[in-house]
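J.: Shown below is the structure under consideration.
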Amino acid sequence: IMDNVSVVTVFTLSGLSGIANYKITIFIFTLLCYCVIWLVNLTIIVTVIVDKKLHEPMYIFLCNLCFNGLYGTAAFYPKFLYDLLSTSHVISYAGCLLQGLMVHSSIGTDFSLLALMAYDRYVAICRPLVYHSLMTTQRVCIFVFFAWLTPFCLILMSTITTATSRLCGSHIPRIYCINWLISNLACSASVATIIIPAFNYTFYFGHAVFVFWSYVHLIKTCQSSKENWNKFMQTCVPHLFSLAVVVVSFLFDMLYMRFGSKEIPQSFENFMAMEILFIPPIINPLMYGFKLTQIRNTVLNFICGKSSAFILRS
């Protein structure tokens, strides 16, 4: 795999060596999970696009959140499913960098979109008189554009820095590639591989501070009005839940990757690696689908309408 320390063309992925007897079961379960992720996210996306009543900032941000869920999981599930049916668990150098770029930028976009949703709820509840003048269609499109572009550019810089490093290893101790593990294989650490990730973490910590600040104001405002409190429970609780799921999943994975014990079973390591690409993409659309009345009613009306038409034809 590696003739010279400076030339690595293929990485080996660990994590699947001890599950030879369960590969088919895991393959079926993983494929089912991936199908569910596509079903629930695509349902929200199509519902928001088709129903013109849902062409509002909150639902546009939600639609992008679901689309981002499909983008991020596309970096992992097809390759993982292929590896489950394969005897060799390897990935090309370019494929490894691309997978890391997609996974990281998807997580970053999640944080950006959730921060935008917090801002949208803050303006809608705390400053309702200026909501429509602040959250215009043009401004929402600009927000969404930068919510996608900024994380991609930040992670691309990190990926380019990683790609220029001279590597002294080719073994990734995980079931998929991430930049941090690739940079750990570098023969020597560069200033850029330290500064760029540090800046990225600081940037998204700023997102968390902003969301916290907006919710302090939201709760203060909503406590004085029953109508506002009902609106908070209807639209902010699913957002808070989604945010908590993404943050907890990310922190669990990041902290375990850096400080986790080597004696933990491989199956648990695999779960820790997968949960950021499994829990948020399923929970987010389900939470919003059940909690937001307009989306729930639109989906139910569509299902009932199709069922009635099928019965009549029969």
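In case you wondered, yes, glycine gets a Cβ from its N, Cα and C as well.
These numbers come from a predicted model, not from an experiment.
According to TrEMBL, the record shows the following:
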DOMAIN    40-288  domain 'G-protein coupled receptors family 1 profile'
TRANSMEM  24-50  transmembrane segment
TRANSMEM  57-77  transmembrane segment
TRANSMEM  142-163  transmembrane segment
TRANSMEM  201-219  transmembrane segment
TRANSMEM  240-259  transmembrane segment
TRANSMEM  271-290  transmembrane segment
J.: Under 8 Å for C-beta pairs, could you tell me which stretch among 24-50, 142-163, 201-219, 240-259 has the largest tally with the transmembrane segment (57-77)?
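T.: Counting Cβ pairs under 8 Å, the winner is 24-50.
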J.: Which range out of 24-50, 142-163, 201-219 gives the transmembrane segment (240-259) the most CB pairs under 8 Å?
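T.: Going through each listed stretch, the top one turns out to be 201-219.
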J.: Using a Cβ cut-off under 8 Å, which residues of the same chain at least 6 positions beyond either end of the transmembrane segment (24-50) come close to it?
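T.: Apart from its flanks, the transmembrane segment (24-50) reaches 59-60, 62-63, 66-67, 69-70, 73, 77, 80-81, 84-85, 278, 281-282, 285-286, 288-289, 295, 298-299, 302.
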